[in-house]
Every structure is written in structure tokens, then in C-alpha cells.
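Noted in TrEMBL for the protein shown:
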ACT_SITE  Asp294  active site, proton donor/acceptor
BINDING   Glu143, His211, His232  Zn(2+) binding site
BINDING   Ala154, Asn235, Ala236, Arg243, His272, Leu328, Ser329, Gly330  substrate binding site
DOMAIN    62-380  domain 'Amidohydrolase-related'
Amino acid sequence: MPSNKSVSDAPITQFINCRILRDNELQREDLWVREGRILDPEKLFFDEQGYADKRVDCGGSIIAPGFIDVQINGGYGIDFSQASEDVSDGVSFVAKKILEHGVTSFCPTLVTSPPEVYHKVLPQVKVHDGGPHGAGVLGFHLEGPFISAEKKGAHPEKYLRTFKSGGLEHLMEVYGSLDDVAIVTLAPELPGSQSVVRELSQRGITVSLGHSAADLSQAEEAVQQGASFITHLFNAMLPFHHRDPGIVGLLTSDRIPAGRVVYYGMIADGIHTNPAALRIAHRAHPSGLVLVTDAITAMGLPPGRHTLGQQVIEIQGLHAYVAGTKTLSGSIATMDMCVRHFKQVSGCSVQEALEAASLHPAQLLGISPKKGKLDYGSDAGQSRLHLYFCLPAVRAAVVPPLCPQRFLGC
């Protein structure tokens, strides 16, 4: 048998009896992985004369890219918006737990907070790859405080900010630093916001529009300045109106710059968005839909009282409310639940449901060359678990429960 040592000492794993999500299709072929990278079998066979050191029979399962959650506030008793000396430990704990639900990369999300919280929390967590220890961190998502008081949702009004003269300089005063920040959610109607959108985009930070009373023209202007995402579509924004559809109108706007895509987050937990609204959004702009959990501290815990930044949250059934109100404040859903619900109520294909939680968020963040796909050279499971999980064969056109313990490499 030929040796694999001419290229690398690392073992090669071959996954057999599986269907691979690739190029928007479920393809019946084997998957070869070495050193956390997907291999081109032709090059392996003919150039290296390589072979598999280990074979894994997937039993007819689907192999799909790992989920990417770009809006998650915490979970399992951890609140990312709470300043402490061990923020990094809390993020690592959540990162380990969400692997069980197919999430291999995420953006820890901070809700509107006083400046001292940002100054304490942000320096403690750095962008890093995932592995058996937990999902990778892609950078923070800072949701607020530069949002609309009218559409604040569960964000505490006393900590909301507007842009003073200087724009980005004022934002830097509040946050302290933009190192390891991936996404900033702001309201584009705030005076001075358009220059901030432009400058953040030029720094490679994804700008998302949300918690906003913006009309369509204000939203379109923000997109032309570089904004590319909508935070939890339909929630905390003006409702669709036929004379001015507001931010929702970006899904079909003809003023999006050529070659650009506007993505939008959807909390498909069965609570935040009526199935009919979810179907309308998906059918209007399927390639832009990004599933998010917007999960809070209470995810994975029994009902009771918890925190979301500066607010007290009360769990009633599957609903999370600001205590003493009926204001929704995030969800307690896991990503696999959102994928399953989206598939069931939208009527989309299995491929579309999986890509809404993997390929689309990767494209949003500009990391799709390495994540969100199973292309040759993409990040793979094994030692770093960047990419995928196994899903049992689909029956009756309904996504069945995920198989949390069958991560590749485990």
C-alpha cells in the first residue's frame, strides 16, 4: 500500500456511505479529510498515491457544513453582556455546549450596555478557531447602543446613544476598541450614522441595520454606504407598509449596488416570526436568509428568571420576556431547532435549510472560502471540528432530530 508520508504525517480519514451538501445539492460521494482540511480525492489518489488511514461509515447520514450563529447573547447560565473577570471562561463554556447543536462558529453578542461593560468584556475574548474544546469565535456582534428608542425592544433605554459630532470617534469612546468585532447593529436614521456605516465597512466590520424606525430610503442609503445585514427581520423595526416598506423593503429593493447582497437574520423559533411572514421573506429573497438563534442566558436551562445585560428576563414556556412585561427579549432556541422549524414551515428543501445556517452566514462575514462549504480545501472536522455534523437520512421531507453526538472525528 502506498505511503501518505510524502505530503504529511497526518492520518487521512475517509467518510463513506454519506450524502455531502455541496454546490446546493446532496451528492452521494465519500469525503476525505486530513489535518482539518477537505481533500480532493483525485489529487490524493493520482498525485500522492494516498489512501485512508481510517474509514467512518456514516450510515446514510448527510454531511453538512457546521452551523454559524451570528447572533447569540449567551446560554446555559452565561450572559455575554455581564462584565466579569472570567468572560472568556463563560464564552468557552457556551462554545462547548453549542457544539452539541451543530454550531461550530459563532459571534458572541452584546446587547446595549454602559461603556464600562464594553471596556471590560471586549478585551477578554479574541477571534479563534474551534475544535473539540468548542465552537470557534468569529468576533463580537455589538447590538446597540446606537439604536432607536422607538424600536428598542428589550434594550434598556437609559443606555441608548446617538452619534455625536465625530461619529466613529464617539462610537470608539463607547466601545473602547473594535478589535475582534465582526458585526455592529445600528439604526441608520440616527444623525451621523451614514458616515459611521461607511467607516465601519471600510474597516471590514459587517454593519447590520436593526432596532430601527428607518424608512426604505434611509435603509437603502445605509446599504449604499456599506451595510449588508438586517438584524432579526420584522422584529424591532417598522412593519411593512405598501407605501413605504421600511427596512423590510431591502429584500426586493432595486437600489442595491451591483454585485452586493443584503442578508437578513431570522429567528425561526416559532415565536418571533409567524410562519407566513417567514415564508414571505424566504420566497422574496431566499439567498439572503441567515438563521440566528438570538439565544439568551436561559437557553438550556429550566424556566425562571435570568439576565440579558442590564435587564431581568422571565421565561414563560418557550417565551422570554423582559420581567413584568410582554416584550420579547431573545429566544431560548438552539440552532438545530431553528433549522428544523424553518424547514417544516417554509417548505424549503433540506439543502436550503442547512445553507441558511451555514453557507449564508459565512458569505455574510466574507469567510465562505473556508467555512460554510464542503469544497476541497475548506475547513473540516476532525481535529478542529470547524465544519460539520452528521444528520440522519431525511424521511418524509421533514428534517428529523439532529444527531448531536455524531460529530465527525468523535
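From the backbone N, Cα and C atoms, a Cβ is placed for every residue, glycine too.
Heads up, TrEMBL stuff is auto-annotated, nobody curated it.
Where TrEMBL records a feature, it is marked here on the structure.
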residue : record                 : Cβ contacts under 8 Å, 6 or more apart
Glu143  : Zn(2+) binding site    : Gln71, Thr109, Leu110, Val111, Thr112, His155, Thr185, Gly210, His211, Thr231
His232  : Zn(2+) binding site    : Gln71, Gly210, Gly265, Met266, Ile267, His272, Val292, Asp294
Asn235  : substrate binding site : Gly153, Ile267, His272, Thr273, Leu328
Ala236  : substrate binding site : Lys151, Lys152, Gly153, Gly210, His211, Ser212
Arg243  : substrate binding site : none
Ser329  : substrate binding site : Gly153, Ala154, Ile296, Leu308, Gln311, Ile313, Ala320, Tyr321, Val322
Gly330  : substrate binding site : Asn73, Ala154, Asp294, Ala295, Ile296, Leu308, Ile313, Ala320
Legend entry - Distance in Å spanning the most remote Cα pair of Ala154, Asn235, Ala236, Arg243, His272, Leu328, Ser329, Gly330, given for substrate: 30
Legend entry - Additional residues around Zn(2+), ordered along the sequence, whose Cβ is within 8 Å of the centroid of Glu143, His211, His232: Gln71, Gly144, Ile147, Gly153, His155, Thr185, Ser208, Gly210, Thr231, Asn235, Ala236
Inset, instruction - Could you work out which of the binding-site residues (His211, His272) has its C-beta surrounded by the smallest number of other C-beta atoms within 10 A? - result: His272
